[in-house]
Each structure stands twice: as structure tokens, then as C-alpha cells.
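Notes follow the structure.
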Amino acid sequence: MKTFDRWGNRIDEVEYHPSYHRIISAAVAHGAHTSAWADPKPGANVARAAAFMLFSQVEPGHACPISMTHAVIPSLELQPDVAAIWTPRALSRSYTPELDAPGKASAIFGMSMTEKQGGSDVRANTTIAKPAGRGGPGADYLLTGHKWFCSAPMSDAFLVLAQAEGAAGEGLSCFLLPRILPDGTRNVFRIQRLKNKLGNKSNASSEIELDGTVGTMIGEPGRGVRTIIEMVSQTRLDCILGSTAGMRQSVAEAVWHARHRSAFGAVLADQPAMTSVLADLALESEAATITALRLARAQDEDANEQEKAFRRLATAVAKYWICKRGPHHSYEALECLGGNGYTEDFPLARRYREQPVMAVWEGSGNVIALDVLRAMTREPDSVAAFDHEINLARGNNPVLDQHLDRVRRQLGELATMAPADAQLRARTVVEAMALALQASLMVRHSPAASSDAFIAARLGDDRGHEYGTLPVGTDFAGILARA
């Protein structure tokens with residue numbers, strides 16, 4: 001972290017390894033950030049999701065600013081005068097890491113909402129925003145306060161939440177905060193320290209203080225959460241994509257190792273105990289991938305009200321489950337490498353440290369489970385759309401059919417419970433919903449051998465609690481051939 005330049009001027013910069021900028025540049029050049037907005041043709045979000053997952057397998061830390069640059073577009077478009085300036089920069093396929101580069105035509109975005117006293121409860125934020133002039137949407141304000149988590153602090157601009165004051169309107173509002181002001185001077189953006197994180201170390205996360213910092217109001221005063229919520233929805237899907245990318249890397253590393261390592265007179269991948277573990281890891285990865293891409297397709301079809309309702313609920317359900325499955329999945333893959341997997345000389349130790357952040361970003365487990373409850377109450381159409389989706393596979397597997405009946409019963413019971421009881425049951429029901437969605441998609445899009453094995457291992461009466469408990473008779477070779 002560089003607080004001052006050599007002349008003593010405050011610059012608040014973070015210096016990254018050159019490879020970090022190199023991979024961001026490659027991701028931007030290939031449209032892993034905003035290609036779905038730049039060319040919104042059929043399948044654009046699916047193609048962008050696939051590119052994002054590929055880059056996230058290579059290096060997960062850079063995916064944070066790439067994701068936020070993608071996710072910011074819907075919020076920017078709520079303020080057309082601001083969007084006219086910033087959206088073309090976000091859509092650019094060029095990347096310039098220097099904040100104050102002359103003639104810079106591109107921009108990377110960040111988002112910072114949480115404060116130390118509130119965490120996920122952003123309505124408890126105390127940062128204030130006083131109008132610099134007339135106030136209101138599109139006007140400049142001066143922000144004073146702090147943000148407890150600000151990832152990718154070298155981004156060109158951020159969306160932040162602050163309590164607006166003034167005659168134009170009050171309450172928690174959304175603001176665009178640039179690092180460099182139109183006159184070329186630096187905005188007040190004081191990086192207090194960098195977080196010492198468990199993982200995701202290539203992506204700096206910081207604590208910042210704002211003191212008369214210039215920010216432009218986006219959307220209506222007092223409607224900050226509504227303004228920024230679509231950005232949150234977009235980044236939640238990217239958390240799913242990031243966890244899924246981690247699963248894919250874990251499978252690739254474990255399978256490669258097992259195919260090239262011999263022990264006790266035989267290749268590891270040919271030994272039944274190891275084969276079962278590898279196949280189970282591959283099934284988990286496949287189910288996550290199909291689910292993530294289905295959600296991306298729902299974004300492509302967002303004009304369809306049923307698809308929009310499905311996406312609203314299914315994104316939260318999948319975020320809860322897939323992102324929680326990621327850490328244990330990477331651990332099991334790490335174990336396939338034995339002691340080597342536990343060393344930093346091999347890549348899965350890093351992946352094991354990376355996976356938990358996806359479950360924390362954009363709402364940890366309880367926050368997501370409660371969000372599912374809210375969606376069920378406020379948007380009953382989302383429940384109907386979700387039920388329709390999972391029941392498209394009905395009649396293909398009796399174990400799945402029983403589970404679909406169970407989910408319907410659980411949803412009905414949940415709707416009649418007292419709020420406190422519903423909270424107690426939320427995680428159980430969300431887990432059941434997630435497995436129903438994954439199993440339904442596997443039945444419709446994977447070979448029968450894969451979907452049957454997945455359903456037996458996740459929903460069957462004799463299912464295990466660890467990977468490697470697939471039933472006897474599973475087509476292990478067929479599953480691994482696709483891994």
C-alpha cells in the first residue's frame with residue numbers, strides 16, 4: 001500500500017503483482033466483464049458466464065473487479081446522465097491499471113456497502129452525504145464516513161451507500177464515487193489498511209475513510225438499496241460462477257494427479273476407492289456448472305416474466321448451496337493429492353483458501369436463507385416459477401419424484417409457519433430446493449448414468465455424507481471420461 005507519493009502528496013494506491021494486471025487485461029479483452037451488455041444477443045449471458053468461469057479457474061482474485069464491472073451496468077442505467085459518461089468506459093475492451101492515465105477511456109468498477117457497525121445490515125450505515133449544490137438524482141454530494149470492506153480499491157469508480165441529507169430527499173441512497181475527479185485531481189479516498197484475509201489475497205480488500213468525498217447520486221434519494229440491488233443480484237450469480245470454477249479446477253487437478261500417480265502397484269485413478277471419489281467430485285462440479293449456466297440463461301430471457309421470477313428465487317437458492325459446497329469440494333480434491341495437496345507448491349492449497357469467500361460475498365448463509373423467505377412472501381410468483389422449473393424432470397426418476405413431492409410439502413408448510421419458526425426451517429428448505437434444482441437439471445441435460453448417480457448419492461435412502469459414496473454399479477468410467 002502506498003499512502004503518499006515521493007513529494008508527500010496523498011495518493012492512496014495499492015501496488016499489485018504485474019500478473020494481476022495481465023490477467024485482468026486478458027479477461028477484459030475477451031469480454032469476461034461486460035460482453036453481455038455490449039452485445040445483448042441471445043445467449044450473451046451464457047457465453048459471458050462461461051468466459052468468466054474459465055478466467056476464474058486460472059486466477060480467482062481478479063474475478064472480483066471483473067464481476068463488479070459487469071454487475072454495475074443495470075444500476076448505472078437508472079441514472080441516464082451518469083450512464084452516458086461511465087457505461088462506455090465499462091464496456092471498453094481495453095484495460096489501463098493507472099488511475100490517472102492521460103486519456104483513459106476504460107473503467108473498472110467496485111462496490112462498497114458494509115460498515116463496521118452494521119455489516120450486512122446496510123440500513124444501519126452512518127456515512128452521510130451532504131448535497132454540494134441542488135441535490136437529488138444526478139447531483140454531486142460530499143460523503144463523510146467509512147467503509148469496512150472495500151475490495152479492489154484501485155478500481156476507477158465505486159457504488160456506495162450513504163445517508164443523504166438535504167431538501168432534495170433524505171435516507172439511504174446510492175452514489176457513484178470516482179477515484180479521479182473530472183478536473184484530474186484525486187477524490188478523497190483514504191485507504192486505512194488492507195485486510196489480512198484467509199484467501200483471495202491477490203485481490204486487495206481495504207478499509208477506507210471518506211471525508212468530503214465527491215459522489216454522484218444514482219437513483220432516487222432514500223432508495224439506495226433498491227438502486228444497488230440488481231448489482232447485488234448480478235454479483236451473486238458471479239459468486240456461483242466463481243465457486244463452480246473452483247470446483248472445475250479442483251476436479252481437473254485431482255483427476256490429472258490420480259491418472260499420473262501409481263501406488264500399491266496400480267494407477268490411483270484405476271483403484272475403485274479413488275475412482276468413486278473422483279467421479280463424485282466430477283458430478284458435483286457438473287451439477288454446479290449446469291445450474292450456473294441455467295441461471296445465466298434466465299438472465300438472457302429476463303423479458304419473460306416467468307424467467308425473471310425464477311431467477312429471483314433460484315439465484316439465492318443456488319448461491320446458498322453451491323457456494324457452501326465449494327470449500328469441502330476443494331478439500332476432498334486436495335486430499336486426493338495426499339501430502340502434496342497440503343503444500344503451497346501445488347495449486348489446491350490456494351483453491352481451498354479461495355472457496356470460502358464466495359459463500360461470504362454478497363450475503364452469507366443466513367442472509368441468503370432469509371432472502372429466500374422474503375422472496376417467497378413478497379413474490380409468490382417466484383415460488384410458482386421455481387416449482388415449474390424443477391418439475392420439468394418429473395417422471396424420469398422415482399427418487400427425484402419423491403424429493404419433488406417433499407419440496408412442495410416443505411414449501412407449503414413454510415408458508416404457514418410463524419416467522420421465527422420459518423427462520424429455523426429456512427436452511428433445511430433451501431438445501432432441499434437446491435438439490436431439487438440440480439437433480440432436475442441433471443436429468444434433463446446430463447447422461448442418465450450421471451444423473452442417476454447424482455440423485456442416488458444426494459437424495460437416496462442410503463446416501464453418504466462424504467464424497468466417494470456413489471452406489472455400486474455407477475458408470476465411473478463414463479463419468480470420469482466427461483470430467
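Placement of Cβ uses the backbone N, Cα and C atoms for every residue, glycine included.
All annotation found in TrEMBL is predicted automatically rather than curated by experts.
The structure displayed is predicted, hence computed values, not measured ones.
Look at TrEMBL and you will find 2-96 tagged as domain 'Adaptive response protein AidB N-terminal'. Taken from TrEMBL, the feature domain 'Acyl-CoA oxidase/dehydrogenase middle' covers 111-211. Residues or ranges marked as domain 'Acyl-CoA dehydrogenase/oxidase C-terminal' by TrEMBL: 222-376.
Each residue in the domain 'Acyl-CoA oxidase/dehydrogenase middle' (111-211) gets a DSSP state, and the totals come to 3 helix, 48 strand, 50 coil. Mean model confidence for the domain 'Adaptive response protein AidB N-terminal' (2-96) is a pLDDT of 97.
In the domain 'Adaptive response protein AidB N-terminal' (2-96), helix, strand and coil residues by DSSP number 56 helix, 7 strand, 32 coil.
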